[in-house]
Amino acid sequence: MGLLSDPVRRRALARLVLRLNAPLCVLSYVAGIAWFLALAFPPLTQRTYMSENAMGSTMVEEHFAGGDRARSLARDFAAHRRKSGALPVAWLERTMRSVGLEVYTQSFSRKLPFPDETHERYMVSGINVYGILRAPRAASTESLVLTVPCGPDSTNSQAVGLMLALAAHFRGQIYWAKDIIFLVTEHDLLGTEAWLEAYHDVNVTGMQSSPLQGRAGAIQAAVALELSSDVVTSLDVAVEGLNGQLPNLDLLNLFQTFCQKGGLLCTLQGKLQPQDWTSIDGPLQSVQTLLLMVLQQASGRPHGAHGLFLRYRVEALTLRGINSFRQYKYDLVAVGKALEGMFRKLNHLLERLHQSFFFYLLPALSRFVSIGLYMPAAGFLLLVLGLKISSASTLHEAGVGPEEAGGASGSSPPYPPTQGVGLASLVAPLLVSQAMGLALYVLPVLGQHVAAQHFPVAEAEAVVLTLLAIYAAGLALPHNTHRMVSTQAPDRGWMALKLVALIYLALQLACITLTNFSLGFLLAASMVPAAAVTKPSGPRPLYAALLVLTSPAASLLGSLFLWRELQEAPLSLAEGWQLFLAALAQGVLEHHTYGALLFPLLALGLYPCWLLFWNVLFWK
């Protein structure tokens, strides 16, 4: 405390930080990247363990043997679906009632902000069907959900058949203390969102739906099931939810435990668990799995129907059956037994899952990294901004430029005060930058019809092209704002603007990192170096190229190439550009449809901040 309270020592510390600013920044950035990569190695990653006492043992005996019935129901469902061309609602109602469930339907409709060319839909309407198995041993105060999303382009018939076979099996048991809801949704995530909003009596996305006629208790946990074949070689689990939310780690541990008990092969991000952690191959594979999870979590997309349950404080995950060329194959009985064991253990819960972690990273299915171990990686990157802010504020208060500071840093007297920079000179760049961000957020959707009328493009293409046009128009920002800056502003006005931009970026990245570490870390890793070195003197073309390559759009494009490379499906430049355009359209669509926050964060926050650094670079 004496170091900070003594003015002489504080000035000495400031001079030391100023003199060693560049080496400290480089060291801090390298330490952040190295810490992140080290998260995949055993000293920083821990073995998963069950924290909830009620689920700490797998001593339940699974009796499910309805594999033939599940396959028969799947064939009937697929035949009725092909015949009707939509979800066979009447057949589902009849089948669910035949196994003893309370059956209800819900109709919903949604007009998308612009046509979804990926799924070829604009005006969406459908019907959800759900059946409730009432608990014979308790009142309807708590419930569990087994859901199967059915889209127009998805083949999920085997999942429906297995769900109905499990419902018939569960109906004959007397030990259930929670209601079990068997839900079949139409149009994938749109149907799931409509049902969840109606169940919780809220409307957060503008969905139009009929009220639910039947309800169970408060939902404690949910499992979404996706199967495309009668035979599976492995079960892949998806945990990333809307805006990077994750389920309680105990739910994932429960899935892994019953897969091990039944001999099922389980994967994460499509990757098998490393078997040999003593050699370099195991940690390298875990680095790939870790990077895949970070990229998927940073996207903010719900990677399965479970991702929408997490918004309502319902712990959920998605299980996908994979049928590949692996040697070992499993039928629907093995998958059904794993699901039966999971639901029986969840049935024992006396309270919501809360004892394990909600913030974690997964380098492998059996290992995790807690929040206390991965946060220093982002902390080191943010420290670079803190050092630059300290240096810029010291120079700004002293009225000394960066070039002059090198010769004055060794002198002990304080810097002589000079004329300060008026805040009026910073108003124009700040207002114009935020106006560009607001235009990037509002105009693409509002102006899609105007663009489609005047240009030979569809509405979805008009949205993407408007996004790119407004984004590129920001490159002309320095020329426009410098006209509005007072000529009485001193030459070092860019220092004040860079100080404001650094503080703005540091606050944004810190807030994002606290809620979605993966997004915050990726943005910090890409934007911090350019933000630290940008100035209007020196090799300006090099700084300009660095700023463009680390802009939010370029970071998104690079993330797509890295994601496909880690999936062992590399992209060509043309394929990468097409995927980038599709990602832009999906990002805007998912924000307006489900409430994903990545698009507004980039448009209203990080893009205007990046424009401030662009303005600093071309300061006159």
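Keep in mind that glycine also has a Cβ here, set from the backbone N, Cα and C atoms.
Here the structure is a predicted model, which means the values were calculated and not measured.
Marked as transmembrane segment by TrEMBL: 20-41, 357-385, 421-442, 462-478, 499-522, 542-563, 570-589, 595-618.
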Sort out for me which stretch, of 421-442, 462-478, 499-522, 542-563, has the most Cβ pairs below 8 angstroms to the transmembrane segment (595-618).
421-442
Using a cut-off of under 8 Å between C-beta atoms, tell me which stretch among 20-41, 357-385, 421-442, 542-563, 570-589 contacts the transmembrane segment (499-522) the most.
357-385
Please report, as numbers and ranges, the same-chain residues at least 6 past the borders of the transmembrane segment (357-385) whose CB is under 8 Å from any CB of it.
25, 28-29, 31-33, 35-36, 39-40, 42, 44-48, 237, 239, 246-249, 252, 256, 266-268, 271, 273-274, 285-287, 289-290, 293-294, 502, 505-506, 509-510, 513, 517-518, 520-521, 524-525, 528-529, 531-532
